[in-house]
Amino acid sequence: MSADGRSGRLRFTKMHGAGNDFVVLDLRDGTPPPDAALAAQLADRHFGIGCDQILTIEAPRSEGAAAAYGIWNSDGSAARQCGNGARCVAAWLVRDGTAQGERFIIDSPATAHAVERLDGDRYAVAMGVPQFEPTQIPLAGFAHARDEYALPVHGETVRFGAVSMGNPHAVVEVGRVDAAPVERVGALLQQNAAFPDSVNVGFAQVVDPVHVRLRVFERGVGETLACGSGACAAAAVLMQRGRVERDVQVSLPGGELRIRWPGDQEQVVMSGPAVFVFDGEWNR
């Protein structure tokens, strides 16, 4: 069980994927999902457990899936997609015994994901087919998909690619990711009316045709050490432009991910680590 209603104790597992860290809760015993206030409290690094996102293990929603999971950002808002979280949920289900075999399916709020166990603590997750049409992102004010968009933001023009990986992403290509204005430009794009659902903003540096460096300013969280869907989005935008090959290493501040996109109508596959940190109880 995840929670003990009489004592108010909440059992959890702390995990991370390339430094993107999570509190994992098993809600399959009927424990209700956290509301926004509780999610923010759990995620608080000073007064709670501390994490980028809360992941809730739930009953499967699609036929043949091992389980489903919910996603809550550190500000308490709900999310629809989290690539690093998908790998951690997969590893949690394997340790729990729920997921059997080398391949299985898990349901995110956005879609069903095929998962494959790799060597050690690594998992591969099929993240879906990138969607570039503005209505699917959503991106307002543009009728058709483009390789690059431009928006006036506080007296400057920001150029970016845009894609949905089940959640909205803007990708800004930069010469040096270490010097990128991640927080300033990330926050400005998130607040721009062109993104009615806000947006995750990635800053990508092409090192060579098979290597990208990336930092991501996530909606509802801020900059994180890694963002799996952001790595997929950056790779897809750069691949579509012909800037990189269809199989790349993406280096984030917290670690390395491998992103493969075999063809335009095929799913992006993300590979990377899923690490257990500790199990605990939170007294609420």
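The backbone N, Cα and C atoms fix where each Cβ goes, and this holds for glycine too.
Copied over from Swiss-Prot:
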type: ACT_SITE; residues: Cys82; note: active site, proton donor
type: ACT_SITE; residues: Cys227; note: active site, proton acceptor
type: BINDING; residues: Asn20, Gln53, Asn73, Gly83, Asn84, Asn167, Asn200, Glu218, Arg219, Gly228, Ser229; note: substrate binding site
type: SITE; residues: Phe278; note: site 'Important for dimerization'
Inset, instruction - Give the distance between the Cα atoms of Asn84 (substrate binding site) and Phe278 (site 'Important for dimerization'), rounded to the nearest whole Å. - result: 17
Legend entry - Other same-chain residues whose Cβ falls within 8 Å of the Cβ centroid of Asn20, Gln53, Asn73, Gly83, Asn84, Asn167, Asn200, Glu218, Arg219, Gly228, Ser229, the recorded substrate site, in sequence order: Asp52, Ile71, Ala79, Gln81, Cys82, Gly85, Val216, Val221, Thr224, Cys227, Gly230
Inset, instruction - Can you figure out which of Asn20, Asn73, Asn200, Cys227, Ser229 (the recorded positions) comes closest in space to Phe278 (site 'Important for dimerization'), comparing Cα atoms? - result: Asn20
Inset, instruction - Would you mind reading off the Cα separation of Asn20 (substrate binding site) from Cys82 (active site, proton donor), to the nearest angstrom? - result: 10
Legend entry - Inter-residue Cα distance where the pair is Cys227 (active site, proton acceptor) and Asn200 (substrate binding site), in Å: 9
Inset, instruction - Let me know the most crowded of the binding-site residues, choosing from Asn73, Asn84, Asn200 and counting other Cβ atoms within 10 Å. - result: Asn84
Inset, instruction - List which of the recorded positions Asn73, Cys82, Arg219 have their Cα within 10 Å of the Cα of the residue listed as 'active site, proton acceptor', in sequence order. - result: Cys82
Inset, instruction - Give the three-state DSSP assignment (helix, strand or coil) for Arg219 (substrate binding site). - result: coil
Inset, instruction - Could you measure between Arg219 (substrate binding site) and the residue listed as 'active site, proton donor' for me? Cα positions, answer in whole angstrom. - result: 12
Inset, instruction - Looking only at C-alpha atoms, tell me how far Asn73 (substrate binding site) is from the residue listed as 'active site, proton donor', rounded to the nearest Å. - result: 10
Inset, instruction - Pop the Cα-Cα gap between Ser229 (substrate binding site) and Cys82 (active site, proton donor) into the table, whole Å please. - result: 6
